[in-house]
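Per TrEMBL, the feature domain 'TFIID subunit TAF5 NTD2' maps to 167-295. Residues annotated as compositional bias 'Acidic residues' in TrEMBL: 342-353. For 342-396, the entry in TrEMBL reads region 'Disordered'. Residues annotated as compositional bias 'Basic and acidic residues' in TrEMBL: 365-376. TrEMBL lists 424-465, 497-532, 539-570, 581-622, 623-656, 665-697 with the feature repeat 'WD'.
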Amino acid sequence: DRQTLVAVLQFLRRSNLRESEEILRREARLLGDDLGAAALSPASAGLLVGSGSDADSGDAMLGRGTGAAAVAIGGSVATVATSSPGVAAVAAVPPGKGGARGHCGVGASSWRDPWERGCPLWPLFAHWLFQADKPLLLADGFAVGGAVVVEDQPDVSAVLSAYNQQGDPTLYEEYYSGLKHFIECSLDCHRAELSQLFYPLFVHMYLELVYNQHESEAKSFFERFHGDQECYYQDDLRVLSSLTKKEHMKGNETMLDFRTSKFVLRISRDSYQLLKRHLQEKQNNQIWNIVQEHLYIDIFDGMPRSKQQIDAMVGSLAGEAKREANKAKVFFGLLKEPEFDVPLDDEDEEGENEEGKPKKKKPKKDNVGSKSKKQDPNAPPQNRIPLPELKDSDKLDKVMNMKEAARRVRLGPECLPSICFYTFLNAYQGLTAVDITDDSSMIVGGFADSTVRVWSVTPKKLRSVKTAADLSLIDKESDDVLERIMDEKTASELKILYGHSGPVYGTSFSPDRNYLLSCSEDGTVRLWSLQTFTCLVGYKGHNYPVWDTQFSPYGYYFVSGGHDRVARLWATDHYQPLRIFAGHLADVTCTRFHPNSNYIATGSADRTIRLWDVLNGNCVRIFTGHKGPIHSLAFSPNGRFLATGATDGRVLLWDIGHGLMVGELKGHTDTIYALRFSRDGEILASGSMDNTVRLWDAVKAFEDLETDDFTTATGHINLPENSQDLLLGTYMTKSTPVVHLHFTRRNLLLAAGAYSSQ
């Protein structure tokens, strides 16, 4: 706006930066000395007016209204009012002055499309950006016109140096207990919200004492207050208790995570003002400094949240997700299915008729065919990401699928599925992964002895293709050429695939059943041919164990996630990954494609779930609420919802479009390793290490959802008190943990696990 421009121009003039002033004038079409009545006094150019999340995060900004931006040129800093809350500090760093991150804070989001934001500092920024003799540092850690500063892997010593001595070590316990007393004596409505401060403050104060080598004070502080923390932080506190010397902190991953990612707390404005007033009255600078430096306080207007609402959402390694993280638009609808005729074949045998080509008959109007004719309004554009074209065999398989769907059992509370359990007996090799083909004809097991074993679960045996010499004798024009190329001598119910050099943690069949993926502790993902039962490719990208891999529902693409904290998107015909999804603070333990293949969900040991956009690699959703590492993910068939299971024994349900938790299913007593929706989405099945399969009413769980604007904006979620009325059935195995679930095309539920004699 004009007032802001005037303030910037006056500052440039006083600083004798005529050239920059001229550039800004030309860009803003403010010619001559006509600054008009909007001119500000020299003093007002140093005014600091804060708004939005920056002021809310506890930065010492006064007043409200416009945003704030600081321009630092040649060492002098002036802070000016600006209408763009997205713009942070812009600094031109003279040559040879190095690049501390603090010199400049133009976040990537602030400078990428400043025209859209109407940012008055953009012309100046562009001018500095393209002057080679003035390197400009950006907050994301890259420099223009100077040395590049890589911020991906923070330097440990730089990270730790933030814990410089700021207060008397003997008073830390007094500071903390003073705040504790204040929070416990505050009104009930504020107490639950302010109690969120206990854990991050406890950790940072302890680390500060350890870093500054006050070991006895640190030990006393830890012993006095660690029992007050919430039970779901016990694992983190165990790691923390082992850090008793400054040397221990170097290279400790948990420490680095906590220090480099600001712990996010969501607090109402009233509670925040109460806290701020208390700390300022008590002049408790030690705690106020930690709040400002290490915490991100996401302030909302409205009623404070209750203890239940807060408990449902917290528990991850870095607190809750910022509300901004879940604002991006997500195309959660399904892609339009290609149209082709489905013949009426009621008299068909139910056995295998894969070779029988469909006869040309009147198209069958079944619910599957008609459903795919309309374009889903929430679906991504059909060509948003390139998908492989359907081959004739794929079309034939779709026809088979539709025929099966016509005979599908409609499930519900009154009609529960039958469950067929595949128990792996004498699995002394250690069963670590299972997958079943979409048509339920094959099952694969990954084992700790590094083998991959494939079984046929139909009377049809597994056969390899004949040798090249034998293939040359075959008449290629014959109708049954596909049958003739198979070697009957190799027919068997089981094939064992050797190649990995460590336990196999993940397996996935391709939708067309021609390929199989496996990932292992050896850091590789292998692609196997199910025609020759040999390894075609070994994909090397992860340097550490790969915990999970999964094919896209359209084939061709696949995803992998591992101990290196990133997920990678691959295509079968590329040696290198196409996308690297980085953001989790701990191992990526499970991966899953959205039904439309445009998004990937990843679950992590940092106790969060992230949704990534395949097109540009951006993280578009962060879900927090689990109290332990995530081990299972399942999208609903319509693409709207996501179910997640973790070591805390809870299944959480998420609305992807609104970015909200909408349900919590309690009942399991151990880690949930398997989740699957029935083919029409009426039932959710969960399988756990507690040796049970549980069935939940998904229709009831997702009806009458409160996803109004207020709920979305503040996170005031209201989960039903009791999830038992959603539980339709619990099915015990004798002593078999459930590691995989699969609904057949007709809604029979298949489950799998290895019998454990303990």
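Using N, Cα and C of the backbone, Cβ positions are placed for all residues, glycine too.
Nobody curates TrEMBL annotations by hand; they come from automatic prediction.
Keep in mind that this is a model prediction, so the values were computed, not measured.
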**Asked** How do the residues of the repeat 'WD' (623-656) split into helix, strand and coil according to DSSP?
**Response** 0 helix, 20 strand, 14 coil
**Complete:** Summed over the repeat 'WD' (665-697), the DSSP helix, strand and coil counts are 0 helix, 20 strand, 13 coil
**Request:** Count up the helix, strand and coil residues in the domain 'TFIID subunit TAF5 NTD2' (167-295) according to DSSP, in that order.
**Result:** 101 helix, 7 strand, 21 coil
